[in-house]
């Protein structure tokens, strides 16, 4: 085709496209065409193919690293060649979309317990979410305890409990739907949702709580299975048989333990052999649940037409266990003779009419009434109110006539129906709540769903609505159809050991018995299947180190070790052996899990993070907050001590993960919450500078790195830790000399090394390594821009450049002085540590000693504050604080001491106070000599045009000249002219003593000793004099101190004397072991006011 032909074909498309949707390269021209319209014109091209210059269509590859070596020019002439160097890190959109479309959360190698059809996940809302949720929600409590709950709490309170619990799960489901539709939920279900929303600490804590809840749910279902088996199906199968009435409860518990352990072992074996059998049986178990519920409703309808015949026997108003007698009468007429019945035998000592009988039995008649009077009987009025009572309380019909016995004591061997446990409202809530759990079943199957984003909310909310309706109607219908004494009879003793809910069912009670048995079996198997996988998901995340062994399993992914752990914990619940005691335990764990689901949704909604975009739109943070409050309230309503224990367990796990767990970045809501809180706090901080009472050193630590990019002075970090104790801001930084483009990798390495050093030295803070063309600018930029908003450093900490004299260039000390100037200009305090490597580590404990503060000039009170902060740390805790102040000739040293003591008292600081007098003495020869050497050295260093050898030779000449001048000076002091000596410390002391002995010796006499002294800069001489005299006083008083803090004099305004400034500081610190030079930031940092 010719160019004009192409243009003719593409012209209309360009006009219609209004800007175009694609690009084609043809004869080096870019032509905008809508590819979606014209891709059919090129049969050899895919939508992401590109035409080369020679008109040969070629399929483009999304990644550059899969190109063979002989295809070097693969991208030549292509319009994506501009991005080819970034293809590895930034793949083409086409390949990215392809990867997302083919995403699956199927674990590699798992073929047995996750079976997918050939066409991929095909489950819809009904099969994939609605039915699993229904199966998990409806279960053991409905069949074994709901009638008893209605009878004990009454219809009104039972209805309130159901509404409260169902509202809690509905609100949780709304929150869960929002989280579940905000992206894909892989294996782990609720654990995954919470951990990715609230962070690894919350996720691990709540995930383990949910795991424990699921495990104890397995115990509850197994106990329910055994209760049905031993009480209603084969009561004669008991291993332990009670010889007396008192031993019946103990025998029942022991039977539950033995059979429960066997059942657990069998179920664990089934799960171990293959989960596919559990999945195949799940439909059978679900069918049992559905048939049982249908039988209940059918029975309710039948009671309105023809009530079933389940007579119960009352003695007076007391309900009797009727499984040991057939006829509800004391005597009967047979052949015109009066005979006693089996009931008589139970209350009297012989079958004869003159036998001695129970007093209550004699005084009251027996009455037979129907246990199921029917829907239209009006019994609903009698069942509206609660009948709570203590353990052992008789089950009585209140409106029935009764004559009390003279003897109030009760014989437990008599066949009365009585409460086996004490009953109260909060117990009812704890026992009932497990019947509404199981709402996570749909979200756990998200990988199997055709459209999880639509199915999870719809299926879960519909399942909760359906089950809530079932529970509410059951509460009302049970109260309307069944006699109150039968409802309160937990084990059906008054209806010949029938399951109470079974007496209502049609066509036979066995429908409910068998259905509930298989339902409990199925629920137990589901729990033993789900709990190990949850533990495996937590273990594989690596956030709880000691659980990592449970992440391993069989080759196909089956969690073998996690299954063993689950069976072990499940056995604890079975050894408790009481359904009523296990139910509140798992209520706690499930409520805690639901609480955090609501919290996660509320946090994410309030933060409004860009990633929070749930497809489910019918949520609000107020609903989540209400659900969270309801969960918390229910926890304490059920059992306040269980609630505290569950919270303590979750708190301990949280702190453990925070302390020992692996660091994970999941983009969780708590990180977003922290960011929001930090942003708010930073904005507030900028509104006004911190008050003096709130001032603390916020440190910028300037580190020096060695040739291997390691920290040269780690003790600087130790000092930081001791000074900060983990409070306030710490920014640890360093500078690499060069460009960031060339030193990017080294900067990252250096940052990792610094972070490792910070971790080992327990320094809590931030790390920042920058690359700059020179160190001077790098440190300047850090001082100016480190920190954010109001959270900026106010103090710079650095080490004294100890080898500044030996350095071959002037950069080290020039950089140091410029840093001092920078901090002064920025109104920041400066701390300079000399001999930093001799400072104590965090493991050292300084038993005795002092921290000496030499307070020479007041520049904000930082000198006072630093020792106080250091002594908060255990390294310095036993050191005493001493404060020295220097008095001049005109000062009243006694009054100074009193004032200083009063000042420290008002500052609430405990310290010894001493005022040192420094009288104005004449300038010694030693001072002149030090000044001369300093100026000559400065002059030498200024001659930068000389070669290094010439500079070294000149330095040697100056040294020889100085040595000779010292010898001449010593000759004046009567030393032999043949004996040459350099100036020593002993000579210094002798010279000082001589100066004191000859006070009349004036400056002119000194100049006569050495004519060169007359040409010295007198300003330098005075400064040197101050340094020498002050050093003499400090060494005299503080040579043995653990740490000496000194005011740091400022650098000269004239930069020409910078090298002299270093010399002054060197002289000032001479002879001291650990020194911290302190320079204030120009503001008060300590106050006497509260």
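Cβ from N, Cα, C; glycine included.
Taken from TrEMBL, the feature transmembrane segment covers 127-147 (among others).
The domain 'Amino acid permease/ SLC12A' feature in TrEMBL is assigned to 129-301 (among others).
Marked as transmembrane segment by TrEMBL: 159-182 (among others).
Tertiary proximity for the transmembrane segment (202-223) is limited to same-chain residues at least six positions away from its ends with a CB under 8 Å from its CB atoms, namely 139-140, 188, 190-192, 194-196, 256, 260, 263-264, 267, 434, 437, 520-521, 523-524, 527-528, 530-531, 534-535, 537-538, 541, 543-544, 566, 569-574, 576-579, 582-583, 585-586, 588-590, 592-593, 596, 646, 649-651, 653-654, 657, 661, 666, 668, 670. Summarising the annotation, TrEMBL assigns transmembrane segment to 202-223 (among others).
Here TrEMBL flags 258-275 (among others) as transmembrane segment. Sequence-distant contacts of the transmembrane segment (258-275) (same chain, six or more residues past either end, CB-CB distance under 8 Å): 112-113, 218-219, 222-223, 225-226, 229-230, 239-240, 521, 524-525, 528-529, 532, 558, 560, 563, 566-567, 570-571, 574, 577.
Taken from TrEMBL, the feature transmembrane segment applies to 281-300 (among others).
For 416-441 (among others), the entry in TrEMBL reads transmembrane segment. Sequence-distant contacts of the transmembrane segment (416-441), counting only residues of its own chain at least 6 positions beyond either end whose CB sits under 8 Å from a CB of the stretch, comprise 129, 132-133, 135-142, 145-146, 149, 152-153, 157-158, 161-162, 164-166, 168-169, 172-173, 176, 189-190, 213, 217, 220, 249, 315, 318-321, 386, 388-395, 410, 460, 463-464, 467-468, 471, 485, 488-490, 493-494, 580, 583-584, 586-587, 590-591, 634, 637-639, 642.
Sequence annotations record features per position, and here TrEMBL assigns domain 'Amino acid permease/ SLC12A' to 418-700 (among others).
Annotation comment: TrEMBL describes 461-487 (among others) as transmembrane segment.
Under the heading transmembrane segment, TrEMBL lists 561-579 (among others).
Annotated transmembrane segment per TrEMBL: 585-607 (among others), in sequence order.
Positions annotated as transmembrane segment by TrEMBL: 619-643 (among others).
Taken from TrEMBL, the feature domain 'SLC12A transporter C-terminal' covers 830-1090.
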Look over the recorded stretches 159-182, 461-487, 561-579, 619-643 and say which has the most C-beta pairs under 8 A to the transmembrane segment (281-300).
461-487
Applying the under-8 angstroms CB criterion, which one of 159-182, 461-487, 561-579 scores highest with the transmembrane segment (127-147)?
461-487
Sort out for me which stretch, of 159-182, 461-487, 561-579, has the most Cβ pairs below 8 angstroms to the transmembrane segment (619-643).
159-182
